[in-house]
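Peer 1: I am attaching a structure below and will ask some questions about it afterwards.
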Amino acid sequence: MKAHIKPKPTVFMIFGGTGDLAERKLIPALYNLFLAEYMPKEFKIVGLGRTAYQDDSFREVLLEGVNKHSRSGKAEKDKWAEFAEHISYLKADVHNEKDYEKMEKIIETCDASWSEPSVIIHYLAVTPQFFPIIAKNLAKMKLANDINRTRIVVEKPFGHDLESAKELNHLLKNIFHESQIYRIDHYLGKETVQNMLAFRFANALFEPIWNRNYIEHVQISVTEDIGVEDRGGYYNTSGALRDMVQNHILQVLCLVAMEPPVNFDAEEIRNRKVDVLRAMRKFGSEEIRHNTVRGQYSEGWVEGEKVVGYREEKDVDPDSNTETFAALKFFIDNWRWQNVPFYVRTGKRIHQKSSIISIQFKDVPHLIFPSKSTESWQQNRLIISIQPEMSIRLQVQAKRPGLDMILNPVDMVFNYDGTYSTDTPEAYETLLLDAMKGDQTLFMRGDQVETAWELLMPVLESWESKKSISFPNYSADSWGPETAEALIAKDGFHWFTLPIKKSEKEKK
Ligand code: NAD
């Protein structure tokens, strides 16, 4: 997020260079950074994988990926040729030390011909089981020891529970300094999520009312319309709490709830975020019973097509106890947020794909209007929508035009599409550029990850030890289990949704 700094010459070592993430996200992101002239003049991308490729055949595969997945559409022939010159392939096995020697040679060759020593980014786009062996081998082969030059980007999931996250942190911190470790949560690279910081701390308007005196409750809802697709094997060992709440949702919650930082330094912002996690109320058995809900989808119909239930998905245990939906009520025990509920929910096969933060303000202290005027009364709400649309809406009451004093809610809308003509960068573009520049603001620090795990462990343990007798308990294309409605309805609220625009529905 540091503005106006051009990255130094950089070597990207992408472990898992032939994988899905590299093809769909990483290479298109680097290509778009190149098109926008954010890449340094001197850079090299080395894809590492077990498949046998020549540089050219590897580049062909990546080009197909860019043509399919890049936000800038199909690559222009000349531009791609210019970019592709920087890409090479190394057939390598993460266990084989000799392959790390080859990496060293590549770095030496770059350094010998470039204007200054390069930054080296080891990007771990492989399954987490390989994180430790790669880190150990990088250390052994002295590819990790220059604190100023070497960085390691670690993909999610970071640990499977508190213990494994601690173990991984311990191992990485024995090899790397914290300033070299970039734990990625791509949600933090999303434009609207970053805008939370601008919105809250660049406007005088919101801070005075951003507290328990004015805010009644907060909702964070991240729903997907798809099922587990071909990730059933992985998902069955994970579940909604691990896959979405422990990382993305808690990170977003921290941005909503954090105290104002004194400056824009990465450490300062990350300190304020971890303060929120530390202040979150712990879950005892009572809280788990009253403030958490889990769900699992059954078969159903989506847009006229029959879809299978979770337990019938490929590679999923037919008796699975894994949750595909989670809803929780959190409290933050500090002065700002005492007794303000934060409701979060996430799920698969939900009616609408959406990511929405809704901040509901308290009602006016005294209503002067007659009841006839206020039939569609709605308390003020601030809605930050990440998808389906990228927008920030302030819902206020206004007088409907006419001879009678009739009030109705209207939206003051900041819509990205209508306001800016430039395309919004993908989250991975922001994050890869930040990693090149050495800016860790949008990456998770070791203690943040552990504190988030610590908070959720009692819920995870309780859900794992007590098999749900109601699973499956919501049908595909619904809004999740009824108990999730009850979780919020018993406090007098309801989950907020943005209506799907026709064009959005047609796009699906
Ligand atoms: P993938 O299975 O498509 O790719 C795995 C890669 O690892 C391949 O390039 C393969 O060649 C390589 N590999 C496997 N064994 C190896 C070995 N012994 N030595 C060297 N290379 C080896 O996986 P993916 O979907 O690209 O995911 C990679 C990581 O990124 C995972 O941690 C995943 O959770 C994370 N992630 C992926 C996505 C996504 O959209 N695919 C999104 C977020 C996070």
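Cβ from N, Cα, C; glycine included.
Feature list, courtesy of TrEMBL:
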ACT_SITE  His248  active site, proton acceptor
BINDING   Arg50, Asp93, Val94, Lys156  NADP(+) binding site
BINDING   His186, Lys190, Glu224, Asp243, Lys348, Lys353  substrate binding site
DOMAIN    13-195  domain 'Glucose-6-phosphate dehydrogenase NAD-binding'
DOMAIN    197-495  domain 'Glucose-6-phosphate dehydrogenase C-terminal'
Peer 1: Which binding-site residues from the set Arg50, Val94, Lys156, Glu224, Asp243, Lys353 have a C-beta atom lying less than 6 Å away from ligand 1?
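Peer 2: By the Cβ criterion, which requires under 6 Å to ligand 1, the hits are Arg50, Val94, Lys156.
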Peer 1: Tell me the Cα distance separating Val94 (NADP(+) binding site) from Lys353 (substrate binding site), rounded to the nearest angstrom.
Peer 2: 37
Peer 1: Taking each of Arg50, Asp93, Val94 in turn, which of these binding-site residues have a Cα lying within 10 angstroms of the Cα of His186 (substrate binding site)?
Peer 2: none
Peer 1: Taking only the binding-site residues Lys190, Glu224, Asp243, Lys348, which one has a CA atom nearest to the CA atom of Lys156 (NADP(+) binding site)?
Peer 2: Asp243
Peer 1: Measure from the CA atom of the residue listed as 'active site, proton acceptor' to the CA atom of Glu224 (substrate binding site) and give the result in Å, rounded to a whole number.
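Peer 2: Approximately 14 Å lies between the Cα of Glu224 (substrate binding site) and that of the residue listed as 'active site, proton acceptor'.
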Peer 1: What whole-number Å value do you get for the CA-CA distance of Lys190 (substrate binding site) and Arg50 (NADP(+) binding site)?
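Peer 2: If we compare the Cα positions of Lys190 (substrate binding site) and Arg50 (NADP(+) binding site), the gap is 32 Å.
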Peer 1: For the binding-site residues Asp93, Glu224, work out the Cβ neighbour count at 10 Å and name the residue with the minimum.
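Peer 2: With the binding-site residues Asp93, Glu224, fewest surrounding Cβ atoms within 10 Å: Asp93.
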Peer 1: Using a Cβ-Cβ cut-off under 8 angstroms and a sequence gap of six or more, which residues of the chain neighbour Asp243 (substrate binding site)?
Peer 2: Pro157, Tyr235
Peer 1: Whose Cβ, among the recorded positions Lys156, His248, Lys348, Lys353, has more other Cβ atoms within 10 Å than any of the rest?
Peer 2: Lys348
Peer 1: Tell me the Cα distance separating Val94 (NADP(+) binding site) from Lys348 (substrate binding site), rounded to the nearest angstrom.
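Peer 2: Distance (Cα to Cα, whole Å): 33 Å.
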Peer 1: In Å, how large is the greatest distance between any two Cα atoms among Arg50, Asp93, Val94, Lys156, the listed binders of NADP(+)?
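Peer 2: Taking every pair among Arg50, Asp93, Val94, Lys156, the longest Cα gap is 21 Å.
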Peer 1: Roughly how wide, in whole Å, is the group His186, Lys190, Glu224, Asp243, Lys348, Lys353 that binds substrate, by largest Cα to Cα distance?
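Peer 2: In whole numbers, the farthest two Cα atoms are 20 Å apart.
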Peer 1: Looking at Cβ-Cβ distances, which residues of the chain lie under 8 angstroms from Val94 (NADP(+) binding site) while being 6 or more apart from it?
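Peer 2: Listed in sequence order: Phe15, Val126, Phe130, Ile133, Ile134, Asn137.
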